[in-house]
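Please read the structure below before turning to the comments.
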Amino acid sequence: SPQQYNVTSYEATTVAIITLEAFAGMWINAFIVCVLCIAWVKKKTLNSNEKILLLLACSRFCSLCFSWVYSFLSTIYPNYLYVHTIFQLIVFFQSFFNYSDLWFSACLCAFYCIKIANFRNSFFIYLKVKIDMIVPWLLLGSGILALAIGIVAFDIANKPHCNNHNSTGQGNFVKSNIKMDKHFFPSFFLAGFEYAASFTAVIFSAVFLLFSLWRHTRKMQANSMNNLSMDAHIRAMKSILSFLLIYSINFLCLVLKMVYVTKKKNHMTFLILLFQYTFPGVHSLILIFSNPKLEKALLKILPLEKSVKC
């Protein structure tokens, strides 16, 4: 039977912080799922933006859940975690939902770009007209790409590559590490490709949208149009900039995580984990406050709103 591992103060602190961030992020994303599902039941339908938000919130909730289970078991009950089937399943679902999160985020940014930006290009106009028909295919493609990396991760977890107890001495240890690196290379290559592709989609979407909003703002200033409308565009630009900034930091952390994947009890590893567990909750909060329906629902349940009314 699995026995509890002797946890150091460093590991206990890490698990405690990760637990706090993971549960906060799960609560925020569960809130988005609940609000959108209630709206779905009432209206019998969801628009394209709400479909992407719903799948994004579901993937983030599940990603945080499986990531927390992996971190908790690897620290407290490592013997239980590395039971063959359990380890495979956790690695598969963690990879699948992590990459679903990445691609659904990219889809959301691309959707905002196509829906809001104004360009006279015929292909862009075609995308704007057909966007509601394209979104389900984008989501399906995102799910297939995430499933591909999940299957590769499952296959790698299925093969013993780092528990070579017969490798003793410095020479054998080096050979074991070389074999492990070769075994992980397909996973790292595919992961790096998906990171880069989704991040590129976000960058292009954000740049196009910011350029379009900047042109529109200049036109409004030249024509002395309503200041309220211009303020709304400026707020949209700030929102997109914050989205791009936080996504850039998350991408950097994903790359650094690949570099420091074999290093334990490292301050850089701790900082990477700290931000990666913070990102799904913070970005989801930004999405809530940029969506009137979600913001109104959140304010209704906050104690601050009730105290103001009293």
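From the backbone N, Cα and C atoms, a Cβ is placed for every residue, glycine too.
Because TrEMBL annotations are produced automatically, they should be read as predictions rather than curated entries.
Feature annotations, courtesy of TrEMBL:
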type	residues	note
TRANSMEM	15-41	transmembrane segment
TRANSMEM	85-114	transmembrane segment
TRANSMEM	134-154	transmembrane segment
TRANSMEM	195-214	transmembrane segment
TRANSMEM	240-262	transmembrane segment
TRANSMEM	268-290	transmembrane segment
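In this chain, the transmembrane segment (195-214) lies apart from the transmembrane segment (15-41): fewer than three C-beta pairs between them fall below 8 angstroms, excluding pairs fewer than 6 positions apart. For the transmembrane segment (85-114), the residues of the chain that approach it from at least six positions outside its boundaries are 48-49, 52-53, 55-56, 59-60, 62-63, 66-67, 69-70, 73, 124, 127-128, 131, 135, 138-139, 141-143, 145-147, 149-154, 156-158, 191, 194-195, 198-199, 201-202, 204-206, 208-209, 240, 243, 247, 280, 283, 287, judged by C-beta separation under 8 angstroms. Counting same-chain residues at least six beyond the ends of the transmembrane segment (134-154), those with a Cβ under 8 angstroms from any Cβ of the stretch are 48, 51-52, 55, 88, 91-100, 102-104, 106-107, 110-111, 127, 186-187, 190-191, 194.
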